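These features come from Swiss-Prot:
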type	residues	note
BINDING	12-19, 25-26, Arg64, 91-94, Lys102, 118-119, 187-188	substrate binding site
ACT_SITE	His13	active site, tele-phosphohistidine intermediate
ACT_SITE	Glu91	active site, proton donor/acceptor
SITE	His186	site 'Transition state stabilizer'
Amino acid sequence: MADAPYKLILLRHGESEWNEKNLFTGWVDVNLTPKGEKEATRGGELLKDAGLLPDVVHTSVQKRAIRTAQLALEAADRHWIPVHRHWRLNERHYGALQGKDKAQTLAEFGEEQFMLWRRSYDTPPPALDRDAEYSQFSDPRYAMLPPELRPQTECLKDVVGRMLPYWFDAIVPDLLTGRTVLVAAHGNSLRALVKHLDGISDADIAGLNIPTGIPLSYELNAEFKPLNPGGTYLDPDAAAAAIEAVKNQGKKK
């Protein structure tokens, strides 16, 4: 077992096609845009420039995160390291909101309900029918999951609940070996992890936004608590600007 500090890097996938269109995405599997591919590559360049080179990657089973990991590793010349994919790192399932325009949803339901669905810790959107257009209930990549583990909607509390077992069972053991671990995932699965790492309250987590394509570096002590609370963005100026853009999602038409 290696001694602390342990090195952890979080990377939200680059801009996706539905990010660009301002649609709720969730478990719908969409590609990166050309801009998103550039963001992912830039993320890898930032890792290389900082000398923060991952030894292993954990990502979701959604191609926007998988592709982000691939592009970042290519840019950092670390394309040869192990990559582990798991559904527990998937984006939050947005239920019946999946595929809906955020600005139209805001206009239809009002800001209070919109923000409750989007940012509250424990209020999920309406459930998505199993046979709906944007349902993943019959997706073959989830065939091994019992029905009760295939969500039809989720709040962030649900994401924390399904993500933490993977953190303890898969990511922590890699950190304990002294490996630098890259988690390439999604806005809400990463918010769930940051909530756990930084001990953010259920109320305060609503204000946390994570930008696309900018690595967030943590050093963790022996109890896996941050030595740098909140983490350190490898491009702080770009991160600050991108966080403002994330805050304004839903207002864009």
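Here the Cβ of each residue, glycine as well, is placed from N, Cα and C on the backbone.
Other C-beta atoms found within 10 angstroms of the C-beta of Arg92 (substrate binding site) number 27, with every protein chain shown included. Between the CA atoms of Gly187 (substrate binding site) and Glu91 (active site, proton donor/acceptor) there is a gap of 7 Å.
With respect to their backbone Cα atoms, His186 (site 'Transition state stabilizer') and Arg92 (substrate binding site) stand 8 Å from each other. The two recorded residues, His13 (active site, tele-phosphohistidine intermediate) and the residue listed as 'active site, proton donor/acceptor', have Cα atoms 10 Å apart.
It is Glu15, among the recorded positions Glu15, Glu91, whose Cβ has the fewest other Cβ atoms within 10 Å in the structure shown.
For Gly26 (substrate binding site), the same-chain residues lying six or more positions away in sequence with a CB closer than 8 A to its CB are Glu91, Arg92, His93, Tyr94, Gly95, Leu97, Gln98, Tyr134. Other C-beta atoms found within 10 angstroms of the C-beta of Arg12 (substrate binding site) number 31, with every protein chain shown included.
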